[in-house]
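Mind having a look at this structure? Questions to follow.
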């Protein structure tokens, strides 16, 4: 006998869940693995680049926060795009964001299989990947509180790894112990060619790598309708984004470059592993492999959560099949979760039949979709503020600083990052694929718009 269907989400995400979801969204695998390539490319100036990018993301989050206080709702940024820009914007943001997380989930769940082989090299890669996908989908099907609990512990592991590095670095700088005791110094940050030893022009290209590391930070907005006290909890979580970026990204990079001169970090591999190994921790590779495994699991878990809520939001406006948005008796969008599971499963299977480089290209295109999402948040916020100024909507208590000028600055910055995609061979393909996806979105929206009047007349 089936359970009765719930009509609304349950508000089972507590303050600690929301805070850790915000942290987890801001700290991805990129910091532990991708920062090595960026550090080798830029030098210590990467610290400044992360700080600038973090400030831009903070303004995006404050714009989203003000909209959330105006109307807390699941599928938040797609809903606001639809309300303040137009139905086409909700369709484009909703499906674009769904695609971003599906492709990201495909890549992350496949990465879990690769990381697992570090400990069990004879186990076929697809077994842990499939097992992780089944477990995480099950977690999301059982209850939103269980999802929040998993994210809490996943995020805590990442936080402890970064704090461990910073504390160790501070102790070595002060007391001079370990193999790095004689050479570790804050002067390592500027003594080897300055902050930008490879020049400003080449360093600017790192902005695209850095911005992609922040994909997922906006996910906290998806939790609005399932938070126990969103009006109180969400502003705190959003305001903390800036100092968390300063501590976990800027702080970690200061620690790394103070311990080891920037040019000694390999372009490939984890700078954390390199630093911990030089400190004299033989298990460094295993520890960081465990951390990036949990980071990949966290990303996939968040992807399943976000895409299912976004699908339900789209279904409510008939921009996705209405049946997909049905809530189960446990108050979770079980059918949307099943659709997401199948989509990610296809990605795991395809990974063994297409070149790995193809996934790099697709992921680059999907992350361009994240920049589009951030841009639409800022545009929707601009329209909202204009309506407030005209007295059409009430002003909220959680106002974005320096708006509307900060909106324009961040939009210009995001456009600058998109232009930078053209200067890297791996990311340039995103500029070719994105227009194709845009055309597909237009065709899809026109098809949905033409069907809506027929559905409305049939329901009368």
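The backbone N, Cα and C atoms fix where each Cβ goes, and this holds for glycine too.
Bear in mind that TrEMBL entries carry predicted annotations, made automatically and left uncurated.
For reference, TrEMBL lists these features for the protein:
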- 17-455: domain 'Amino acid permease/ SLC12A' (DOMAIN)
- 20-39: transmembrane segment (TRANSMEM)
- 45-64: transmembrane segment (TRANSMEM)
- 98-120: transmembrane segment (TRANSMEM)
- 126-147: transmembrane segment (TRANSMEM)
- 159-178: transmembrane segment (TRANSMEM)
- 198-220: transmembrane segment (TRANSMEM)
- 241-263: transmembrane segment (TRANSMEM)
- 275-300: transmembrane segment (TRANSMEM)
- 336-354: transmembrane segment (TRANSMEM)
- 360-384: transmembrane segment (TRANSMEM)
- 405-423: transmembrane segment (TRANSMEM)
- 429-448: transmembrane segment (TRANSMEM)
Counting only CB pairs under 8 A, let me know which of 45-64, 98-120, 429-448 has the most with the transmembrane segment (198-220).
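Of the candidates 45-64, 98-120, 429-448, 45-64 scores highest.
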At least three Cβ pairs under 8 Å linking the transmembrane segment (20-39) and the transmembrane segment (429-448), pairs spaced 6 or more in sequence?
no
Count the CB pairs under 8 A between the transmembrane segment (98-120) and each of 45-64, 159-178, 336-354, then give me the winner.
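By Cβ pairs under 8 Å, 336-354 leads among 45-64, 159-178, 336-354.
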Out of 126-147, 159-178, 336-354, 405-423, 429-448, which stretch has the largest tally of CB pairs under 8 angstroms to the transmembrane segment (45-64)?
405-423
I'd like to know the mean pLDDT over the domain 'Amino acid permease/ SLC12A' (17-455).
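Overall, the domain 'Amino acid permease/ SLC12A' (17-455) comes to a mean pLDDT of 87.
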